[in-house]
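> Swiss-Prot lists 1-33, 118-322 with the feature region 'Disordered'. Here Swiss-Prot flags 119-132 as compositional bias 'Polar residues'. Positions annotated as compositional bias 'Pro residues' by Swiss-Prot: 141-159. What Swiss-Prot lists as compositional bias 'Acidic residues' is 192-205. Positions annotated as compositional bias 'Low complexity' by Swiss-Prot: 277-303. The substrate binding site annotation in Swiss-Prot covers 571, 586, 587, 617, 796, 797, 798, 799, 800, 973, 974, 975, 976, 977 and is backed by sequence analysis. For 587-813, the entry in Swiss-Prot reads disulfide bond, with the evidence type sequence analysis. What Swiss-Prot records for 796, 800 is active site, proton acceptor, and it gives sequence analysis as the kind of evidence. What Swiss-Prot records for 798 is active site, cysteine radical intermediate. Marked as site 'Interacts with thioredoxin/glutaredoxin' by Swiss-Prot: 1137, 1140.
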């Protein structure tokens, strides 16, 4: 095996056949020390007790798979021991070659450090990449004697020359793997080694994935949410641990003299070997010198990095410490083949040059030109070290990677090359995200260029404020340096949220300007928080800070909550806040009340087109246009115009939007609308694939449908046109039913069997994903004032906003959401943190309402009169999993209602506090139920508030001072922003445990990292690989792939939305409903039968259940899992609602 420690230097050369002979178990010599692998019984590393260096060997040289959660195998015979001083105590250490179980004989070798403190005989466990933690015994330290005695080597250098590496990440990396050094790939250099390698594992020639897969069995991986799980892994806690604290600073370091071309293996600068053959065997000399290159000094026994010496603080490079093409090429030649074995070796030179340059440049200012710093190279080295611990074959860092362009190309090569492997590794998913953030860093511009950019177009007032606080902003930027956060073990740093989060920033949210520059994440949140601070009123500052604070204090208040993803603005707000493009509203509800074709076309080309031009999502009520003649469809030509208009706007837009047409089920064209999408469209002139449809269902339809389902014969439904329907759409409840039945009694309309229309609805939903279903009477019944005679006639694009709209006024809503996963700490939900997040979100959205521009006068009136906001949630399912709960559990049912109540209570209290501080109530407050002291939840018989005292105090204050806003809680999908937060969307369960989408740019993968970590805690070795193979075959459904698990097993919690009973999901929405004064975008997830059919009764049953539970939204999307295992159908994927989906 290549790069094996020179064991033969002490034991004498043996033939390959001798090394392969099985040996009897041995015991430690009396008075000596022995080291054993805790995971394997009967395998022991033995030491002799001669004078001089201790000799160690494995009692069984065959490959031995360690137990659960261990991915390493032991392969060796005798290794040289060394004496070294560790934290003032004499210690014995040895270095034993180990090999990855899947890599086998491909020559991939790492080095494990074995050691203990001085004292009587004891045991010390072999460190592996699983735990890296040791039981420390007290072996007797042999004294060096005679002329061949080896003096103690100097303390090890930092692993690559960066001073910060003395402070390694405590959540993952060297400190968790202190027993294992980084590995490299090298070919065999002798026949015996070739034979040994070839016999070690028969899977040598496997692909990258299979060759690396066993590392996924490594124990507890880096947990980005370390506070989410209090369970410990299988690693052994040391009896005695001697670690250097962060505050101690780096230990004194004596770096070895670097090897220069022409140096002999025995050169004192390298540390001459002491065993036989060391002067003639270069590999033996190099390996014997590995003791001088252990990892960071804070560990008790640190890993050996490489046989190639690292370069010290006085490296003696043949060129100056200045980054130029000539110098970089010279260093590459100087390092020679070592760069192939150690891909990050060039980074050491880059780092030292950057450190020297930092001494010459002045402190960073707004005008400072962006440059790659020591911390940038440190971030790359951190990522490479983590990837090497996964035994990945890394390309060497190119000599020109000190330039932003080539560093970006190298990071891209790594991301594209290893992206497919994230499906099985949460750690790799996180590390590739770090590389994408580094790629973003290479395109960063100075603050001055960013502020002056015409493409960014910053608000003038914001620019002035930023200039006034230049020094503080530069300090904050340095404090949030990603590398500093990593090495100081700051949990949940933004750059570690995963690959999908980083890509979403890079591809969608960060502005591009100046040809090739990109807004940095820090600049984006500075833009948003700075603008919010500029527009915050005196009352808002008192609410947020408890006093009349400064701009800088308000900036920090918003910035930290945004940067930490406690609150998330809507997509238009994230893109436009802080710029002079003041359009931040998300949802628009338009009801032109047009009754003719010409009036409808004017509304579409006027109001609707203006909103689409600002990328707003539209809900368009078309009920009034209903003049079909026999055999014709009056509405379809107008809808074709709308479809083309949406397609034209989206073609040139970086943020596609959409429109949804609302009709009541008695509209004369309803059957034509149900056939306008996909394969149901009979002819191209009737096809409208770029828009959605929604049915505004009265209770009467479901009352009659239930009668049919109960067995009643000849239950009918009537369709009316404009001339016969009169003002039917203006009424709801009993008044609607009386008028509808009166029209039927008079013989008006077309009568059809009700089951025919129900089947057409279900067929369209299962085939195209729509129509969406909303319940007209529930919406109007729970609105803040009586709408009888002017009933609310539609909702927005995503069915979660409830607003009146008319020819004169359009409904407008501004959105934001709170990240519930950030409220979980040590498996406990922090309701204080939730209240704080909701308060900040309410203040943010009120600033948006005050500052936003509107595309039409109707929208301006709707925005100003009602000041409606929609505070949503994201990460509910993620929070549930982090707490160790299942959505089916009684504990979660209670938590679900508790969260909704706290959100509404905190939002209304904040809105009321604004009025207490001098803000005026919304215009229609006096006609609302709030004026009389009534709350939304009081109209629900199942509501049982737990904060009755707070509600009563709010009631009194609300009646006295009013409310700044008319509506508060709207549970939207949060499809886009949940990706940058790396949590589940909205309130829905995870769609799948491995999201995969193939586009022309490649495959996008987003694994459920919580599931991967639970799998690693449960299985080990081949069992883990088998479990993942089974999950792959079953679309990552744990219930289908692992049916033998005990019902109480932790893995049973990881169900997908398709695995849950849909009636349970409807019940969860109903439990929240009293505290959701808008509505909820509830998607239904159904699975085809084994024969590929989906009974219509399945969807009918679910819609009837949603109606009976009193919901406002009966179905947003209908997503169908195919029985053929070919994926999930969810309607037209080309239309993405990023406006209200955040």
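Cβ coordinates come from backbone N, Cα and C, glycine included.
Any idea what these are sitting next to in the structure?
In the three-state DSSP classification, residue 587 (substrate binding site) falls within a strand. Within 10 Å of the C-beta of residue 587 (substrate binding site) we count 29 further C-beta atoms, all protein chains included.
Neighbour density for residue 796 (substrate binding site): within 10 A of its CB lie 36 other CB atoms from the protein chains shown.
Cβ neighbour count for residue 798 (substrate binding site): 31 (other Cβ atoms within 10 Å of its Cβ, all protein chains included).
In this structure, residue 800 (substrate binding site) belongs to neither helix nor strand by DSSP; it is coil.
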> Looking only at 813, 976, the recorded positions on record, which one has the least crowded Cβ, with the fewest other Cβ atoms within 10 Å?
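Each of the recorded positions 813, 976 was scored; lowest Cβ tally within 10 Å is 976.
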> Round to a whole number and give the Cα-to-Cα distance in Å for the pair residue 796 (substrate binding site) and residue 813 (disulfide bond).
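Spelling it out, the Cα of residue 796 (substrate binding site) and the Cα of residue 813 (disulfide bond) are 9 Å apart.
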> Between the Cα atoms of residue 974 (substrate binding site) and residue 813 (disulfide bond), what distance do you get, rounded to the nearest Å?
15
> How far is it from residue 587 (substrate binding site) to residue 813 (disulfide bond), counting Cα to Cα, in Å?
5
> Between residue 571 (substrate binding site) and residue 813 (disulfide bond), what C-alpha distance do you get in Å?
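Each residue's Cα considered, residue 571 (substrate binding site) and residue 813 (disulfide bond) end up 13 Å apart.
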> Enter the number of other CB atoms within 10 angstroms of the CB of residue 571 (substrate binding site).
27
